[in-house]
Amino acid sequence: ACQLITAEDSRGTQLHRALRSTSKVSKSTSCVEAGSYCRPNVKLCCGFCSPYSKICMNFPKN
């Protein structure tokens with residue numbers, strides 16, 4: 001799952017933006033949700049791109 005974290009000061013100015021993701025692609029600003037079509041290394045899934053079905057999958061929850 002992806003979470004976009006933002007912090008604002010009292011004037012409403014954006015101070016910090018960080019993408020929290022379980023994927024190894026941490027510099028991406030957006031990711032494709034599970035169930036969407038993907039190709040490895042082309043569309044970045046929030047989880048991972050299944051090489052067989054070409055569909056974004058969520059990482060298993062532990």
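Cβ coordinates come from backbone N, Cα and C, glycine included.
The structure displayed is predicted, hence computed values, not measured ones.
According to Swiss-Prot, the disulfide bond annotation covers Cys31-Cys46, Cys38-Cys49, Cys45-Cys56. Per Swiss-Prot, the feature signal peptide maps to 1-7.
Here the features listed in Swiss-Prot are placed on the structure.
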residue : record         : Cβ within 10 Å
Cys31   : disulfide bond : 20
Cys38   : disulfide bond : 23
Cys45   : disulfide bond : 24
Cys46   : disulfide bond : 23
Cys49   : disulfide bond : 21
Cys56   : disulfide bond : 21
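Put simply, Cys45 is the one of the disulfide-bonded residues Cys38, Cys45, Cys49, Cys56 whose Cα lies nearest to the Cα of Cys31 (disulfide bond). Cα-Cα distance from Cys56 (disulfide bond) to Cys38 (disulfide bond): 6 Å (rounded to the nearest whole number).
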